[in-house]
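Trainee: Below are the features I grabbed from Swiss-Prot:
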- 68: active site (ACT_SITE)
- 133: active site, proton acceptor (ACT_SITE)
- 66, 99, 162: Zn(2+) 1 binding site (BINDING)
- 99, 134, 348: Zn(2+) 2 binding site (BINDING)
C-alpha cells in the first residue's frame, strides 16, 4: 500500500461530517510539523481550520482543501461502511475518498517527497484546510483568509484539491468558477376564497409573467472561459394546502450562476427593474455566495498543465463549469487559483469512490507543480 493510500484511508476512517474535523487536521499537522511547518490552528465558532506554513519568504504556494464531508446517506445502500475505507478491485470506497480526503493525502505526500528532495526550496509552502466547506462556509476558509489579509500574508499560487476530473485524473483543471447569487422573493397578494376572486388578489397569477420573463431572459452570452449566465428557480411555496383558498403570498427562491460578463450588482438591478415593471408588491433579499474568478494565464497554470501532461501524456482541459468552491475566497486576494483533484463521478453519492491508482498519480502531479515553481 502506498503512502498516499495509507493516509487517505486514515483520513476516511474519521467521520468528519460538517463542521466536524474528528482529528483529521491533527493527523495532517503531525506529518507537516516533522517537515518543519509552523502549525497554526484557527478555530472559529464550530469550525476547525488549519494554517500550516514552511518558510517565511515569498512566493507563497498554498494547497487548500477541506476535511469535512457530507453525510453518508442511507447506510444500507453502501456496499461497504462509508467510514471503513475499503479497496475492491483497485477502487477505494469511503465517504470523502474523492471529495476530498484523497486529495489531502496526495498533497501531504507530495510535499513530503518534494521537501526530501529540495529541503532548501525557494519561497514557502502552506496548507489552508477547513472543516466548513460542505456547510454554511461562514467560519472556514473565508475567516482564515481574513486573518491572513489582516497581517498582509499573501498567497501567490493556490491549488484547491476539489475533484475536478471527469473521466481520468487530471483530464480537467478548473481555472476558474462562476459566481453564485441567490434571490429570495416574497410576492404579496390578498388571501380569499377561490369562488370570489374579485375579493382577493392572487400573488401566483401576478408573479407568473415576471417569473416567465426571468426564465426566458438571456443574461449574457458568456465568453471564452465561461458559459452564459444561468437562472434557475429552485423553490416555490404558496397556499394553505386547501383547494378553495387563494394564497395571500408567494415565496420564490432562485439562483444565478454568473460569468465574468456580469457583476452581482448588474443582476440585482436587472431583476429589480423587471419585477417593478410587472407592478408586483414584493420583498427581495439576496445572498451572494461568491464572485466569479478566473486564472487564465500565469506561472501556476503553466506549471499545472505541464505537470499533468508529464504524468498523463496529454494536456488537461481548462474549464470553469460546476459549482462554487473555496477558491472564491482566495482568488480576490490576488492569488492565482486553480483546482486539480480526482474524478468527480461519485462525489456526494452513496458508494463514493476513486481509483486508488489515481491518488498516487495525483500526488505525482502535485509534486510536479512544486518542482516547476519552487525547486
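Note: Cβ is positioned from N, Cα and C throughout, glycine not excepted.
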Trainee: Highest CB neighbour count within 10 A among the binding-site residues 66, 348?
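Mentor: Neighbour-count leader: 66.
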Trainee: Quick one: Cα separation, the residue listed as 'active site, proton acceptor' versus residue 348 (Zn(2+) 2 binding site), in Å?
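Mentor: Pair distance, Cα basis, whole Å: 13 Å.
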Trainee: When you rank 99, 134, 162, 348 by Cα distance to the residue listed as 'active site', which of the binding-site residues ends up on top as the closest?
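Mentor: Nearest in space to the residue listed as 'active site', counting only the binding-site residues, is 134.
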Trainee: Beyond 99, 134, 348, what residues of that chain have CB atoms within 8 A of the centre of the Zn(2+) 2 site's CB atoms?
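Mentor: So the extra residues in range turn out to be 69, 70, 96, 100, 347.
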Trainee: Fewest other Cβ atoms within 10 Å: which of the recorded positions 99, 133, 134 wins that one? Let me know.
Mentor: 134
Trainee: From the centroid of the CB atoms of 66, 99, 162, the recorded Zn(2+) 1 site, which same-chain residues not already listed sit within 8 A by their CB, in sequence order?
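Mentor: Here the nearby residues are 65, 100, 103, 133, 134, 160, 161, 163, 325, 341, 347.
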Trainee: Validating a neighbour-count step here. Other CB atoms within 10 A of the CB of residue 68 (active site): how many?
Mentor: 26
Trainee: Starting from the Cβ of residue 162 (Zn(2+) 1 binding site), draw a 10 Å sphere and report how many other Cβ atoms land inside it.
Mentor: 28
Trainee: Cα-Cα separation of residue 162 (Zn(2+) 1 binding site) and residue 134 (Zn(2+) 2 binding site), in Å?
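Mentor: About 11 Å separates the two Cα atoms.
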